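The structure under discussion appears below in the form of structure tokens.
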Amino acid sequence: MSSFFIKKKGPPKVFKKNTGNKLKKKLNSKHNEEISSDSETEGPAVHRKRRANVEEEFDETPQEKKLRLAKLYLDQLRDEEEKKAEEESFETDLIAGRLQEEVLEQKGKLQRMVAKDLLPPDTSEIRLLRGHKLPVTCLVISPDDKHIFSAAKDCSIIKCELCKIIPMLPEMQQSKLHTIAGGRKGTEDRHVGHTAHVLCISISSDGKYLATGDMNKLIMIWEAATCKHLYKFTGHRGPVSGLSFRRGTHDLYSASHDRSIKVWNVDENAYVETLFGHQDVITGLDSGSRERCVTAGGRDRTVRVWKIAEESQLVFHGHEGSIDCIQLINEEHMITGADDGSVSLWSVNKKKPLSTVKAAHGRHGDSGLEQPYWVAAVAALQNSDTVASGANCSHNSKVQLWKCGQGFRHLEPLFTIPVPGFVNSLKFSSSGKFLVAGVGQEHRLGRWWRLKEAKNGLYIIPLKRQQPEQEGVQNGEENGV
């Protein structure tokens, strides 16, 4: 019996011990609950969101992950394609604009309005490059505007680098890259170069070939990069007075005092054909990208457009004196100068000048016996409304810049640039950032006068353009603002 009751008492003791453990567990659970309640300061919504994210991470199947990554990849591809399409659209617009310009240029209707923004240069910014011993007769600028080739009555040809000229002092002799010395008369057989006055010079549009013509009826072909002599063309019966490469090709047009035009293929070192028509010596020649050239006929007082493929010519009349210089503005318009002092603007579609400025550089002489100064050189900034002319003045000589009016209907004077001496040649750079004048003490075709105070050389004239802000200020001042 006693043992039974002792066994009966055993469980309550165990129960007490268990209740102690349960109390401890309850306390621990209360403690844990208190800790968890403190951590819920973030709020139930955040807690639920975090739990949902955890569940999503753990609940995503491999197929769902592949689908999600595929969607991300497709979005990335879509963004790249949209960006590429925008770039291609921008490039297409640029190409379309360029093609439109080329079409207008071919039609002769492209006219960039540049003249209104040009500012007169400061005389301190004009650079003089010396090197020729006798008057400069002709010059040409390379298509990339990096080099100038000039020739003179001393029979020499000088190549100089423009980037070395601009930062230097007003008179420079250190920028010469290469000089092809002239030879004495009678040394034609053994001298590589000219032995008579060089009258004209031209460079191909890709800058590969340089062509020069002289009083000895010879045309020399040079490698422009190295000034290496390549060919010699003979065939003219008089001094070679004009040379021009057809743009985009190596076809060369030459004009001579023998009143003929000749066509050459420089790549093949070959003569092509001869054209006749002028009644007096040809004094100037120019060409563009079309298979045609324009010439000035001296004292026959005609300007002619030669259509090479059709073997035909158009004849234009307008000047009262000898037409000494000619330059194409674009494929449809040209500018000429004459010894009657006039500058004329022409269209190939009209036989008379669109506009003529008489005594463009003033007059000289006693009262009642005044004579206009000869216009010996003209230049045009291609496909723009800006042209220039230079005169042979005994004093106060200058280069005059002109603006072609809308539709090339008239000429308006812009400003003058003082250049002492006979202005025998003028050329604009392709970029329109500068103008180069070839100047000498004498006229390029004779020795009627001599200016001892003038210097034989090249004047490099920077052409600054008006900034938009300055233009706005100027317009405001004119309107009284």
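Placed from the backbone N, Cα and C atoms, the Cβ positions cover glycine too.
Taken straight from TrEMBL:
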type	residues	note
REGION	1-62	region 'Disordered'
COMPBIAS	1-16	compositional bias 'Basic residues'
REPEAT	191-232	repeat 'WD'
REPEAT	233-274	repeat 'WD'
REPEAT	275-316	repeat 'WD'
REPEAT	316-356	repeat 'WD'
Secondary structure tally of the repeat 'WD' (275-316) (DSSP, helix then strand then coil): 0 helix, 23 strand, 19 coil
Secondary structure composition of the repeat 'WD' (191-232) [DSSP: H/G/I, E/B, coil]: 0 helix, 22 strand, 20 coil
Structural state census, the repeat 'WD' (233-274) (DSSP three-state): 0 helix, 24 strand, 18 coil
